[in-house]
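For reference, TrEMBL has these:
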type: BINDING; residues: A:11, A:14, A:114, A:162; note: [4Fe-4S] cluster 1 binding site
type: BINDING; residues: A:201, A:204, A:224, A:231; note: [4Fe-4S] cluster 2 binding site
type: BINDING; residues: A:240, A:258, A:261; note: [3Fe-4S] cluster binding site
type: DOMAIN; residues: A:11-176; note: domain 'NADH:ubiquinone oxidoreductase-like 20kDa subunit'
type: DOMAIN; residues: A:198-270; note: domain 'Cytochrome-c3 hydrogenase C-terminal'
């Protein structure tokens, strides 16, 4: 299986994250799975004219293409021309290249939330008119139309995340190489279910605080960040706390909120990223699949039941009170 | 050879998109025009947002300088508030920033810069087979060792910052996680493992031995490790005479904190460093597809020229200090810090000088990181409470791996009213200014050798990559 990687309008961080893949590193991983890199802008030797010839050969159907990975959003501006991002040396917009190459590929993989949904590049007034490869925010239809399927019959596979976890990308590619990723393996936003069926909340180390709604009031405190600090890990898809990042990391483990970066339009939460919108003092967002009345009832009950250890630790920056030791009876 | 024009692009193994247009005659580059062909408009995206949102949005300007952007935003916000981070928080933030910069330096050497010498165009050179083994793109053994070492080094960011890139751990008041004594031990283990990699593979000797080199003669005699191999390549290809810059350097000072800067701030033109007056910085837009005139960044605007007028050729503005262009990066930083070898290299201003300046910093900054970690005391607070003003201005100046990075912020009525960013590669890869004076890379490319039949001249590739450009930061 061969692969071409294009960097469109993004920060390049998904590639930088991909290079953090371990056991084995990304080069060995792809090589071991028989994935041959036709070209990648950050790591391949080829530069300039030979790259242009490669792109032209794919476009002409002379060079088969198994996987087209696109990192970064696609710019349509100014005025629909796509000229805010010309693919260097080609005199053509990336928008034009993506629309031309995608139908040639067996699979199209959008890497990162810019490529999937537009992401941070579409923040605010969206100056460059950025969209995802097949989505414009949460709506289907981006640089490619809503009905687009690649030669495999799959829609654009949306490996969302800002950045993507290296394993989300490599495991998607390995599953494609293995013929193990079908329509049923993608969720309602075409994200691979192997990571999108989990919530960031799963295995969050702050779960005991969450159980009692023992909340941090400022960043660097240990408590749950849902009530005051904008954390939406109970709604955000991702296995971040199950598999962890860069060794043993995750956003909530490092003491800052999950901002739902795997979701369409996460860049525009409608409030500050580190604050929780409330109505009458009560957070507006509910944990996924939680009935509101039950959530309210359980939250008020559990708050009252908060053990002192958890209450004190919640607003401390380190464990002040350790768990009570249970002595053997004899 | 008659006059020809070459268009080199997509120019890869740089971060982001780059196109270089060359006027060539007599086998040499006569003039170069550097185009940053991507405009996203971060400065506009931030308008009307809550000031703290800059901490989430600006790191996403760049996936390779993400922590640098975090740090600049946090400093700008703290400056607007007139507050200071908790001293221990500042040290952890500086450590996170150092790890990113070190990771970038070794990524540049191993993945971006050295693979060009493995090209078939150099077959037959005495060193070629060894470079092919170590640095062939994607496959080289040295390159693989580097990627493995880099991933392990970034465990420090995983632990303290949650993930890399794009952490939200660095705040105006400090950092969001107070490391425990156990965390500190793990971080020390990660730094020690990284030292082992650097000494075993890249330097082939103790870091201190390289950091103590004081003259070009001593450097020329360095034979061990990958740096010894590069030395051999460099002397054979005369990279000390290639890509000569104007010799004007700028550093905002690296890792400001309670202990002062780890590497000093200032400018250098000639033999001795001078103080920096950042209020003399302006951005010229005469050759950029931007509207509005020359402005100081605090009053700057980002108004893209949708017509992409003919007399402009890049989305990059042209920053100038007192009307002059400056080169920025590890070489500038180490020279302005007063290191004798770096000062000699800065006078040389070549491809070799930029690369060796970066490697010198890799050694010196690692030693500094170990010392910084020793001074992190887990029992102290890591976050200070800082309230932002409803109205105010703030400036955040840091040193990214690639050089001077500044954020200029104005808050009005609790919202971002203006946000201007000048990134290192904005300086280095600036287009011409209103006087027609080329940017540092454009000037350094003049005279580069173009061999018969080359459409992406190797000499040009070495010169461009010697700056370690970050194009996504450049225009942002």
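Glycine is no exception: its Cβ is also placed from the backbone N, Cα and C atoms.
A strand conformation is recorded for residue A:224 ([4Fe-4S] cluster 2 binding site) in the three-state DSSP classification. Around the Cβ of residue A:162 ([4Fe-4S] cluster 1 binding site), a 10 Å sphere holds 29 further Cβ atoms from the protein chains shown.
For the pair formed by residue A:261 ([3Fe-4S] cluster binding site) and residue A:204 ([4Fe-4S] cluster 2 binding site), distance between Cα atoms is given as 16 Å, rounded to the nearest Å. With respect to residue A:11 ([4Fe-4S] cluster 1 binding site), the closest of these binding-site residues in Cα terms is A:231, chosen from A:201, A:204, A:224, A:231. With respect to residue A:224 ([4Fe-4S] cluster 2 binding site), the closest of these binding-site residues in Cα terms is A:258, chosen from A:14, A:114, A:162, A:240, A:258.
Within 8 A of the CB centroid of the [4Fe-4S] cluster 2 site residues A:201, A:204, A:224, A:231, the other residues of that chain are A:200, A:206, A:207, A:209, A:210, A:225, A:226, A:233, A:234, A:252, A:258.
Here the CA atom of residue A:231 ([4Fe-4S] cluster 2 binding site) lies 23 Å from the CA atom of residue A:14 ([4Fe-4S] cluster 1 binding site). Residue A:240 ([3Fe-4S] cluster binding site) has A:201 as its nearest neighbour among the binding-site residues A:114, A:162, A:201, A:231, going by CA to CA distance. For the pair formed by residue A:204 ([4Fe-4S] cluster 2 binding site) and residue A:258 ([3Fe-4S] cluster binding site), distance between Cα atoms is given as 10 Å, rounded to the nearest Å.
Proximity to chain B, taken as a Cβ less than 8 Å from one of its Cβ atoms, holds for A:14 among the binding-site residues A:14, A:201, A:204, A:224, A:231, A:258. Sequence-distant contacts of residue A:231 ([4Fe-4S] cluster 2 binding site), defined by Cβ-Cβ distance under 8 angstroms and a gap of at least six in the same chain, are A:224, A:225, A:252, A:257, A:258, A:276. If you take the C-beta of residue A:114 ([4Fe-4S] cluster 1 binding site) and look for same-chain residues 6 or more apart in sequence within under 8 angstroms, you find A:8, A:9, A:10, A:11, A:71, A:72, A:73, A:120, A:121, A:122, A:130, A:132, A:162. Per-residue pLDDT, averaged across the domain 'NADH:ubiquinone oxidoreductase-like 20kDa subunit' (A:11-176), gives 97. Shown in sequence order, A:161, A:200, A:233, A:236, A:238, A:250, A:251, A:252, A:259, A:260, A:262 are the same-chain residues outside A:240, A:258, A:261 whose Cβ sits within 8 Å of the Cβ centre of the [3Fe-4S] cluster site. Counting neighbouring Cβ atoms within 10 Å of each of the binding-site residues (A:224, A:258, A:261), the lowest count belongs to A:261.
Across the domain 'Cytochrome-c3 hydrogenase C-terminal' (A:198-270), the DSSP tally of helix, strand and coil residues reads 9 helix, 6 strand, 58 coil.
In the structure shown, across all protein chains, A:11 is the one of the binding-site residues A:11, A:204, A:240 with the greatest number of other Cβ atoms within 10 Å. Long-range Cβ contacts of residue A:201 ([4Fe-4S] cluster 2 binding site) within its own chain (separation 6+, distance under 8 Å): A:207, A:210, A:233, A:234, A:236, A:241, A:287.
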